[in-house]
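Taking it in order: structure first as structure tokens, then the write-up.
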Amino acid sequence: MNTERKKITLSIQILYGIGVSYAIVDQIFAQWVMTYYLPPERFSFSPFLSPLFIALALMLSRFVDMVADPLVGFWSDRLDTKWGRRIPFMFIGAIPLSLATIAFFYPVKSGGIPSFLYLALTGSVFFIFYTIVGAPYNALIPELSHSQKDRLNLSTWQSVFRLVYTAVAMILPGILISLLGKGDDEQGLRLMVIALSALAAVGILVTSFSINEKSYSGGKTSHSDLKSSLKEIFGNRSFLIYLGGFLLFFIGFNNLRASINYFVIDIMLLPPGAITTVSALLFGVAAAFFYPINRISRRSGYRKPMLYSLAGLAIASGALFFVGRGLPLWTGYIIYGFCGIPVAGAAFIFPPAMLSEISAVATLKSKVQIEGLFFGIQGFVLKLAFLVSIALLPLILVSGSGLSFVDMLTSIPEGPDPVGIYRTALVSSCFFVLSFVFYYLFPEEIVRDN
């Protein structure tokens, strides 16, 4: 095994960041799948599946995916090829992931069981390939790095590109739907998804072909069996507390970002194109705070900045509840802009950086190279957060319509109710508060050099 390891240069950090383009399809799923299957009243196409079937189909696909997360992480830890142990997974998964994303928007529209089965199957394929790409990609951080500074810089560049890609997937859709659809919202949405999914595949492949993983990792691999690896991981108290905060944060964050379309159109009473303006404001502010957060984290670690970020998001999402209810409608712009500050750290920089440190500390203590399994289990928890939020959101959105709980589950609604849209803000705020509690208890350890 080659034990000589190159130092990571700025160009390698940037090439690594380019590969997080799967964030595009992540955002498409989070923001547009629900919008397609439960469209606002002002769109030119109508719902064809009940909230119950939507929730059950996506929950089923998440359960299928959850099995894949730790398995992909474990397999990538043990893989030994001339290309490394992470890159091959990214290369294999890039194109199937994009095709599965497109498939969401060409469903069986007969309603009932056929539409339900199509959505469940498509979701399962999507999430499996999302894991095949995402878990090994994130595990490249400890693979390529030599120090806490390296891990923070790789996490920051990942965050820069993740924000760029997420911004592209939030800002361009409104423009592309209008431009490509020419009055046909459904056709415009489909063509938008095809274009952005192709861009996602290109970014993943650029990283796959441009980084010589083994020259940075030294060709390390794991020989630990699955049972021993899981025992090592679930005996790690820091990791378990981190996972609790991570889960609760992403339930709140997924709920917050998936409700942006509804807030802009139905609460702020703006046209669909205004989604672009609000999204650009949120992510523009986040981009401006990447560098300051990187510098602060080098000195203070990640725990304290994370706590401040969660407090800010809890306050801001709670404030959305009062837009149009005491606060002028235009204050929605200010609130979403403010959200960009804590989102920069909590949603982008801190998760990969914190887990990279946890895995580095664990490797130093145990001498077992199981970073991929750490990220695979984090992926499992991230999918669990999506599962919970995707199950809750349709029900919250129609909760103010006056329907009984059974009717909310089984009937096809005319569209989301304003009361339900407001409630999504309160639900997000509550989850941010709960996440704060876990991160407050988190015992942070940092490896400065290794």
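Here the Cβ of each residue, glycine as well, is placed from N, Cα and C on the backbone.
Some features that TrEMBL has for this protein:
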TRANSMEM  12-32  transmembrane segment
TRANSMEM  52-75  transmembrane segment
TRANSMEM  87-106  transmembrane segment
TRANSMEM  118-140  transmembrane segment
TRANSMEM  160-180  transmembrane segment
TRANSMEM  192-212  transmembrane segment
TRANSMEM  233-253  transmembrane segment
TRANSMEM  273-293  transmembrane segment
TRANSMEM  305-324  transmembrane segment
TRANSMEM  330-351  transmembrane segment
TRANSMEM  372-400  transmembrane segment
TRANSMEM  420-442  transmembrane segment
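Ranked by Cβ pairs under 8 Å to the transmembrane segment (330-351), the stretches 12-32, 87-106, 233-253, 273-293, 305-324 are led by 273-293.
Where the transmembrane segment (233-253) meets the stretches 52-75, 118-140, 273-293, 305-324, the count of C-beta pairs under 8 angstroms peaks at 305-324. Under 8 Å from some Cβ of the transmembrane segment (273-293) lie the Cβ atoms of residues 156, 159-160, 163-164, 166-167, 170-175, 178, 260-261, 264-265, 305, 332-333, 336-341, 343-345, 348-349, all in the same chain and six or more residues away from its ends. Remote same-chain partners of the transmembrane segment (192-212), defined as residues 6 or more beyond its termini with a Cβ less than 8 Å from a stretch Cβ, comprise 12, 15-16, 18-25, 28, 32, 84, 87, 90-91, 93-95, 97-99, 101-102, 104-105, 133, 137, 140, 144, 161, 165, 168-169, 172-173, 176-177, 180. The transmembrane segment (420-442) shares the most Cβ pairs under 8 Å with 305-324, out of the stretches 52-75, 118-140, 160-180, 305-324, 372-400.
Between the transmembrane segment (118-140) and the transmembrane segment (305-324) there are fewer than 3 Cβ pairs closer than 8 Å, counting only residues 6 or more apart in sequence, so the two stretches are not in contact. Listed by sequence, the residues of this chain that lie at least six past the ends of the transmembrane segment (160-180) yet keep a Cβ under 8 A from its Cβ atoms are 17-21, 23-24, 26-28, 31-32, 187-189, 191-192, 195-196, 199-200, 203, 260, 272-276, 279-280, 282-284, 286-287, 290, 344, 348.
The stretches the transmembrane segment (52-75) and the transmembrane segment (305-324) do not meet in space: the count of Cβ pairs below 8 angstroms, excluding pairs fewer than 6 apart in sequence, stays at fewer than three.
Long-range contacts of the transmembrane segment (372-400) within its own chain (CB-CB distance under 8 A, at least 6 residues past either end) are made by residues 30, 34, 38, 51, 54-55, 58-59, 62-63, 65-66, 69-77, 85-86, 127, 131, 134-136, 138-139, 222, 229-230, 233, 239, 243, 246-251, 254-255, 258-259, 262, 351, 355, 358-359, 362, 408-409, 413, 416-424, 427.
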